[in-house]
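A quick write-up on the structure given underneath.
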Amino acid sequence: MHELSIATAIIEQADARARADGTDAVSTVTVRVGELAGIVPDALTFAFEVARDGTALAGASLVVEQIPAQAYCGPCAEEFAVGMPPFFWCPRCDRPSTELRSGRELEITGIQ
Ligand SMILES: [Zn+2]
């Protein structure tokens, strides 16, 4: 379960950021997870709850914001949802796209 190593990394980063900000109690950590990041939100939340024990974030909860995967179509100059599993084919003009604009995110966006 690679979510556990990801959760551990999130906790380490959030702990370091909270210390840098002079915060000693973290109640919520918010992360953005792209649809194509290969992470199951429920598994990540569960892993976070396991990994937080014994750390400065023992009382913190994790909020996962899912970012839909979007690709860009040049001829249409518009983005479209690629879905899951991803299908890089513009629904408007019926042409393939290779330009993924979002969906691979994995970042901490908020610590409170
Ligand atoms: Zn198009």
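Using the three backbone atoms N, Cα and C, a Cβ is placed for every residue, glycine included.
All TrEMBL annotations are machine predictions without curation.
Copied from TrEMBL, the annotated features are:
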BINDING   HIS2  Ni(2+) binding site
BINDING   CYS73, CYS76, CYS90, CYS93  Zn(2+) binding site
Count of other CB atoms lying within 10 Å of the CB belonging to CYS90 (Zn(2+) binding site): 19
The one of CYS73, CYS76 whose CB sees the fewest other CB atoms within 10 Å, among these binding-site residues: CYS76
Close in space, distant in sequence - CYS93 (Zn(2+) binding site), Cβ under 8 Å, 6 or more apart: CYS73, PRO75, CYS76
For HIS2 (Ni(2+) binding site), the number of other Cβ atoms found within 10 Å of its own Cβ: 12
Length of the line joining the Cα atoms of CYS90 (Zn(2+) binding site) and HIS2 (Ni(2+) binding site), in Å: 32
Residues among the binding-site residues HIS2, CYS76, CYS90, CYS93 that border ligand 1 - Cβ under 6 angstroms, in sequence order: CYS76, CYS90, CYS93
Output field, Zn(2+) shell: CB within 8 Å of site CB centroid, site CYS73, CYS76, CYS90, CYS93 dropped: GLY74, PRO75, GLU78, PHE80, PRO91, ARG92, ASP94, ARG95, SER97
Three-state secondary structure, which DSSP defines for the residue listed as 'Ni(2+) binding site': coil
